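K.L.:
I grabbed these lines from TrEMBL:
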- 389-459: domain 'Calmodulin-binding' (DOMAIN)
- 1-31: region 'Disordered' (REGION)
- 106-132: transmembrane segment (TRANSMEM)
- 138-162: transmembrane segment (TRANSMEM)
- 183-205: transmembrane segment (TRANSMEM)
- 228-246: transmembrane segment (TRANSMEM)
- 292-310: transmembrane segment (TRANSMEM)
- 322-339: transmembrane segment (TRANSMEM)
- 351-371: transmembrane segment (TRANSMEM)
Amino acid sequence: MPSPTREDTAAGSRRTDDGGSESRGRETRGDGRDLVCALEMELTNHSLSNKMDCVSCDDLLNRNCANSAEVSVPLSSMGKRATHMEGDDLCRLIDRKFLIEDKKRLCALALGTALVGILLMIIHAEICPYVYEPGSKVSLVINCSISLSTGCLLILIIAFHYKDIRLFIIDHKEVDWRIAITSHRVLVITLELLVCVIHPVGSYWEVDLYANSSSAAPLCISSHHDKALLDMELLLSMLMFLRLYLVHRAILLHSKVLLSASYRSIGSLNNINFTFRFVLKVLMNKHPARTLLVFILLFWLTASWMLTLCERRTEALATGRMDTALWLIAITFLTVGYGDVAPETSCGKGVCLFTGVMGVACTAMLVAIVTEKLALNKGEKHVHFFMMDSQISKRIRHAAANVLRECWLLHRANLAKGRRDEHRRHQRCLLEAIRVFRHLRLKQRKLRDYVSEMVDLPK
């Protein structure tokens with residue numbers, strides 16, 4: 001058996017060294033992999049604990065107990081546990097969804113409470129002369145109900161803005177709540193609270209003995225108060241209609257435009273703010289006649305009752321009746337003004353002035369809607385212009401034939417030397433045929449230019 005050479009010994013030692021280095025490398029990689037796995041487990045446990053804290057702080061588990069396992073242990077697209085940042089984003093999205101639902105619910109409750117208060121105020125003003133007596137419990141019940149609805153409305157407004165501030169904090173990645181309290185927000189909240197707190201104070205009323213019986217529903221007059229307090233009571237009753245500003249907020253929060261994810265995504269890409277103005281434009285574009293008709297009818301009824309309330313204290317009680325007030329509001333809104341009926345009080349004049357301004361604006365929108373409805377669409381315009389162009393082309397051919405005919409008749413008249421009257425007649429006919437031909441060519445050119453502009457406009 002041959003003895004191993006020096007080269008074989010060296011090669012064996014190198015293989016031994018390579019094997020040792022490979023084993024050490026595998027051990028090192030194994031240690032590194034174990035370290036990475038340990039770090040991943042620690043990060044996952046840390047994110048899990050933070051997520052559970054977030055869920056417990058925001059009462060998420062109490063709201064959605066059935067899906068608590070999904071919320072607490074989110075998975076990524078590769079089947080691994082989500083990181084700390086992904087868990088926080090998921091928590092914020094879920095909280096944001098619940099806050100938006102809470103805002104919708106609070107806004108609907110606030111609008112319903114405001115309408116109930118306005119309805120109670122109207123009942124208070126209408127049945128006052130007939131059922132109220134000194135010491136009557138009916139007035140106390142209605143006045144207490146108005147005050148109670150006002151207090152509930154204030155609580156709902158404060159709760160709504162609290163949810164709005166929490167939504168601002170979530171949208172801006174858990175910033176300090178004091179950052180959301182800007183001067184504009186404080187001013188808006190203060191104005192809303194001042195508007196919603198307005199309501200008639202209420203007192204025990206008795207009908208005056210010298211009230212005119214021709215009035216449909218005379219105003220309650222108290223013998224305990226002077227004219228200034230009565231004017232204040234009347235003003236507070238009318239200012240309660242300012243609570244109807246909640247209608248635009250309810251329309252905004254319950255519109256399909258705001259609830260649609262595709263609308264919000266495309267709008268964010270185009271820097272469009274989803275405000276009430278945008279929602280109103282969408283409504284006027286989709287249902288213009290219906291939206292404007294509903295607004296006009298509700299405005300007529302509201303303004304008519306306010307005018308009736310203002311004019312009940314005058315001697316001339318013509319405008320103190322609901323039918324007469326509705327007629328006056330209608331002719332003022334339509335800017336007709338026959339002059340047969342006119343308001344007597346300053347309050348009634350102010351209501352009619354505001355009605356006239358709103359009538360001008362609504363009339364302009366109504367004219368625009370009717371014009372849009374009567375206008376031809378794109379397909380109808382193409383058909384109409386094509387038929388007009390074909391008719392004008394036919395008339396141009398006839399006009400050109402008339403020009404050639406009159407030229408031939410004029411040439412034949414020139415050959416006959418003795419007939420001057422016929423020569424002048426053919427000259428006049430030739431000039432008229434040339435004028436008609438030029439007029440038709442100009443009309444066809446203008447029509448084709450308009451069609452080309454209409455085609456190039458979408459580009």
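Even glycines carry a Cβ here, placed using N, Cα and C.
Any TrEMBL annotation is an automated prediction that lacks curation.
Locate each feature and note its surroundings.
P.N.:
Mean pLDDT of the predicted structure over the domain 'Calmodulin-binding' (389-459): 85.
Here the transmembrane segment (228-246) has long-range neighbours at 107, 110-111, 114, 117-118, 121, 124-125, 153, 195-196, 198-201, 203, 219, 221-222, 302, 306, 309-310, 313, 347, meaning same-chain residues at least 6 beyond its ends whose C-beta is under 8 angstroms from one of its own.
Long-range contacts of the transmembrane segment (322-339) within the same chain: residues 216, 296, 299-301, 303-305, 307-308, 311, 351-352, 355-356, 358-360, 362-363, each at least 6 residues beyond the stretch ends and with a Cβ under 8 Å from a Cβ of the stretch.
Remote same-chain partners of the transmembrane segment (351-371), defined as residues 6 or more beyond its termini with a Cβ less than 8 Å from a stretch Cβ, comprise 284, 288-289, 292, 295-296, 299, 303, 306-307, 310, 328-329, 332-335, 343.
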K.L.:
What counts of helix, strand and coil residues does DSSP assign across the domain 'Calmodulin-binding' (389-459)?
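P.N.:
When I sort the residues of the domain 'Calmodulin-binding' (389-459) into the three classes, I find 64 helix, 0 strand, 7 coil.
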